[in-house]
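Asker: In case it helps, TrEMBL gives these features for our protein:
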SIGNAL    A:1-21  signal peptide
DOMAIN    A:41-148  domain 'Ribophorin II third'
DOMAIN    A:174-279  domain 'Ribophorin II C-terminal'
TRANSMEM  A:184-204  transmembrane segment
TRANSMEM  A:224-245  transmembrane segment
TRANSMEM  A:251-272  transmembrane segment
């Protein structure tokens, strides 16, 4: 049994190596350049590695190419590659159809063929390629050179090669500042906005308010101190807001506000309750008078 | 026209005679705030709202001050005392101050 297995392996390997060793057998390679009417201008029977030199073709000509493949496997691809011998090295692939008999051919009329044939008169290298999955090494045969003349009237212009290079740098542009209004107008309105202050003080002065509590407080220094602390803390809070506007960040501001508001709350309680007692005394007094 | 004049005159004299001084104080403050707000608005109509935050801060502060002053006036008016049995004028003033502090904080935020 073991012997049989090794035998099988050997035969398998052998068959594999024959497959690898197989190469393309191409025969009867025939290249005809014919005028559009059908007259043969040139006929070349080609055999590897002979390369035909200095073939020429007019734009109206037809290139007839035929060959025969002797392998059992038929190729997947059989084609002739025309590569232009100028700076562009354009490649034009012309595929041949291969029949089951192994005969393959194509007719290439330059009029109807790829537009790349029409960029003026150019010389091309022709390479014949045959390839398929079962045979590892493809068949490659450089057939020779051919000069194909451009169309006699208005040859097509070749599109420029795409420039794969650095594009100009994009600079980020910030949006332009919005225009501020004329400083004269804004200055005038700053003044106008401040005028109601004057009106306020004129109205208040006309009311004839007597600042009685000052006299009352003078007798009670504790109330006076409280009042000063209270107004001081309120002014401090406003000052903290001002510095928050101009330069201080939020968290120091919150700390300062916390401290000042506690002071303002406690002192405010004392001050306002003192005011209330005075008011109640006063109303009680006036009530007595009325009675 | 004369009727209107007479009506306005009687209104003004009644106001001057019957309104307590503390309420007049608040009223003049409200007039001041109202005028400031109107001037700011006129400026915005002329110049546009470009520093939008500044306009918002100014206008919000006038509107809020006006509303707070109006509330203070309502709560300290002796004729309304029956509606606010637990709110003494001093308590109302303390509320007024506290609310103003909050408003000023918001305004300082908006000033940018």
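Cβ atoms here come from the backbone N, Cα and C positions, even for glycine.
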Asker: Can you give me the average pLDDT across the domain 'Ribophorin II C-terminal' (A:174-279), rounded to a whole number?
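Answerer: Summarising the domain 'Ribophorin II C-terminal' (A:174-279) by its mean pLDDT gives 84.
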Asker: Going by DSSP assignments with H, G and I as helix and E and B as strand, what are the residue counts for the domain 'Ribophorin II C-terminal' (A:174-279)?
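Answerer: In the domain 'Ribophorin II C-terminal' (A:174-279), the DSSP-based counts are 89 helix, 0 strand, 17 coil.
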Asker: If you run through the domain 'Ribophorin II third' (A:41-148) with DSSP, how many residues end up as helix, strand and coil?
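Answerer: So the domain 'Ribophorin II third' (A:41-148) is made up of 4 helix, 62 strand, 42 coil.
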